[in-house]
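Now, the feature entries from TrEMBL:
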- 90-128: domain 'EGF-like' (DOMAIN)
- C99-C116: disulfide bond (DISULFID)
- C118-C127: disulfide bond (DISULFID)
- 134-216: domain 'Kringle' (DOMAIN)
- C156-C198: disulfide bond (DISULFID)
- C187-C211: disulfide bond (DISULFID)
- 222-304: domain 'Kringle' (DOMAIN)
- C223-C304: disulfide bond (DISULFID)
- C244-C286: disulfide bond (DISULFID)
- C275-C299: disulfide bond (DISULFID)
- 319-569: domain 'Peptidase S1' (DOMAIN)
- C350-C366: disulfide bond (DISULFID)
- C358-C427: disulfide bond (DISULFID)
- H365: active site, charge relay system (ACT_SITE)
- D414: active site, charge relay system (ACT_SITE)
- C452-C527: disulfide bond (DISULFID)
- C484-C500: disulfide bond (DISULFID)
- C517-C545: disulfide bond (DISULFID)
- S521: active site, charge relay system (ACT_SITE)
Amino acid sequence: MYVWRFSRGAGAGGSQPGQHCDFSSSVAIMDFSHHVIKLFFSLLPEFKGRCEAIMNAMKRGLCCVLLLCGAVFASPSQEIHARFRRGARSYQGCSEPRCFNGGTCQQALYFSDFVCQCPEGFAGKHCEIDTRATCYEDQGISYRGTWSTAESGAECTNWNSSALAQKPYSGRRPDAIRLGLGNHNYCRNPDRDSKPWCYVFKAGKYSSEFCSTPACSEGNSDCYFGNGLAYRGTHSLTASGASCLPWNSMILIGKVYTAQNPNAQALGLGKHNYCRNPDGDAKPWCHVLKNRRLTWEYCDVPSCSTCGLRQYSQPQFRIKGGLFADIASHPWQAAIFAKHRRSPGERFLCGGILISSCWILSAAHCFQERFPPHHLTVYLGRTYRVVPGEEEQKFEVEKYIVHKEFDDDTYDNDIALLQLKSDSSHCAQESSVVRTVCLPPADLQLPDWTECELSGYGKHEASSPFYSERLKEAHVRLYPSSRCTSQHLLNRTVTDNMLCAGDTRSGGPQANLHDACQGDSGGPLVCLNDGRMTLVGIISWGLGCGQKDVPGVYTKVTNYLDWIQDNMQP
């Protein structure tokens with residue numbers, strides 16, 4: 001932002017924003033690279049003001065004129081038509097639209113500079129920021145509000161930061177304005193993810209994280225997301241059963257977070273006693289009286305499910321059978337390792353799917369060797385198959401349950417559950433790389449040819465002797481039941497407990513068709529449903545890998561919802 005650099009008696013560097021400026025001097029000499037420009041202020045009425053950024057000066061009814069040297073002169077005018085005989089730029093209405101939301105554009109004559117005068121409720125160079133937006137609609141693609149806090153409570157990074165120069169989305173993109181990116185750190189959804197997100201600095205690097213921005217559809221939700229910064233529900237009891245005090249209670253005088261706080265409205269405080277989290281604590285809380293003493297307690301508000309939400313990043317590298325992927329794009333993916341009786345150490349066994357904090361779904365055929373539970377290890381949050389991830393979580397297995405009617409010949413009922421071992425009732429900790437997938441509703445019926453995704457650490461092709469060193473993803477479509485029959489799969493048995501999916505793109509024998517392969521077994525087939533990735537199938541079996549018009553076969557999860565719930569009971 002340009003500011004007035006020189007004032008009476010100032011040397012190089014002059015006055016800074018907010019310092020008092022004396023514009024009564026008749027001449028100011030300015031260094032402008034190769035020559036000196038004289039500005040004749042004697043032509044203007046005397047004015048004493050303060051050096052401010054352009055937009056701030058405009059808000060006070062002052063007119064800021066950008067000079068050739070990069071300085072700004074503040075004049076007590078209501079319009080940007082101040083003209084100088086030498087060294088200043090004249091402004092007039094813009095020849096093309098540059099301001100959004102009803103902003104008025106003023107263009108400098110013979111220069112590219114312009115200024116947007118924004119209507120009330122909007123800000124930014126192009127009036128693109130909606131200062132009144134308090135929630136986002138749908139996926140938040142059009143959200144242009146000022147929320148700047150991630151779900152973890154971390155502050156978002158400015159989209160113009162040089163640290164984001166190599167990121168796919170930053171304020172440096174040619175289409176940044178259209179995407180809502182710019183010189184700010186507000187949450188946005190430029191890649192059409194499931195909700196607004198931003199980059200945060202964590203564990204020594206910049207990574208994307210969903211924001212805690214409330215969805216407009218949530219309304220007065222009965223639960224909270226993240227740490228509850230955006231919670232605006234009506235719960236008013238603490239975990240101990242105490243009633244919350246109203247935020248405008250006289251008892252709270254002297255406290256920081258009350259209805260009298262200057263930011264009370266934005267923080268959700270007011271003439272009510274509903275639980276809130278104005279200070280970014282671990283979860284919503286409120287003030288209470290205990291034994292006639294003023295204190296505070298966490299509330300009994302439940303945490304909302306975040307199943308099926310993720311921070312998807314477009315894969316950059318194509319490989320045989322799919323694409324290399326990051327675990328943050330598939331945070332429910334698990335890697336199951338086993339210790340074999342005749343070999344030292346542990347070896348990769350199969351994929352798995354996190355469906356709750358302590359439970360993993362997988363394929364029954366992975367456990368035909370009847371491993372003792374203590375010989376199994378589950379890794380979550382791992383992008384590379386055998387390389388530990390920075391935020392990975394490791395668990396021993398308490399027990400595993402294979403479906404009693406699993407047929408090792410036809411692979412009917414190819415489903416298993418693993419319970420993770422923990423000293424408490426909670427196991428996996430939610431993060432950007434560890435999150436549950438949503439189980440489908442019992443009546444879910446997706447249209448034929450719906451595009452879905454699978455992920456795993458399996459082989460690139462059937463003839464490969466090695467598993468993939470990095471997580472892969474593949475995009476396939478659901479086949480209609482009429483194309484998922486024994487006739488289409490070399491007379492192999494296909495039951496009602498199975499579904500088919502495959503890559504329907506055309507291509508010759510050498511086409512790189514997406515498919516699951518050996519080593520992907522037990523992993524997820526997920527489809528988007530109601531804005532969340534939902535588990536539709538478990539990778540089970542197939543004829544080769546990536547063959548044209550030959551789909552892969554998956555365990556149909558909707559047929560096992562009761563079995564899953566019954567076996568997860570304590």
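The chain as shown is numbered from 1 upward.
In case you wondered, yes, glycine gets a Cβ from its N, Cα and C as well.
The structure, with features from TrEMBL marked on it.
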residue : record                           : DSSP class
C116    : disulfide bond                   : strand
C127    : disulfide bond                   : coil
C198    : disulfide bond                   : strand
C275    : disulfide bond                   : coil
C350    : disulfide bond                   : strand
D414    : active site, charge relay system : coil
C427    : disulfide bond                   : coil
C484    : disulfide bond                   : coil
C500    : disulfide bond                   : strand
S521    : active site, charge relay system : coil
Cβ neighbour count within 10 Å of C211 (disulfide bond): 28
In contact by Cβ distance (the domain 'EGF-like' (90-128), the domain 'Peptidase S1' (319-569); 3 or more pairs under 8 Å): no
Residue among disulfide-bonded residues C286, C484 with least C-beta crowding, 10 angstrom cut-off: C484
Cα proximity to C299 (disulfide bond), best match among disulfide-bonded residues C99, C223, C358: C223
Spatial neighbour of D414 (active site, charge relay system) that is closest, considering only the disulfide-bonded residues C116, C156, C286, C452 and their CA atoms: C452
Nearest of the disulfide-bonded residues (C244, C350, C500, C517, C545) to C211 (disulfide bond), judged by Cα-Cα distance: C244
Neighbourhood of C350 (disulfide bond), C-beta criterion under 8 angstroms, separation at least six: I336, S362, A363, C366, G519, S521, G522, G523
Close disulfide-bonded residues near C286 (disulfide bond), where close means Cα within 10 Å, chosen from C223, C452, C517, C527: none
Average model confidence [pLDDT] within the domain 'Peptidase S1' (319-569): 93
Secondary structure composition of the domain 'Kringle' (222-304) [DSSP: H/G/I, E/B, coil]: 7 helix, 19 strand, 57 coil
Where H365 (active site, charge relay system) sits in the secondary structure, as DSSP reduces it to three classes: helix
Residue pair C198 (disulfide bond), C118 (disulfide bond) - Cα distance, angstrom, rounded: 25
The domain 'Kringle' (134-216) - residue tally per DSSP class, helix then strand then coil: 8 helix, 19 strand, 56 coil
Least buried by Cβ count (within 10 Å) of the disulfide-bonded residues C127, C517: C127
Integer Å distance between the CA atoms belonging to C484 (disulfide bond) and C517 (disulfide bond): 18
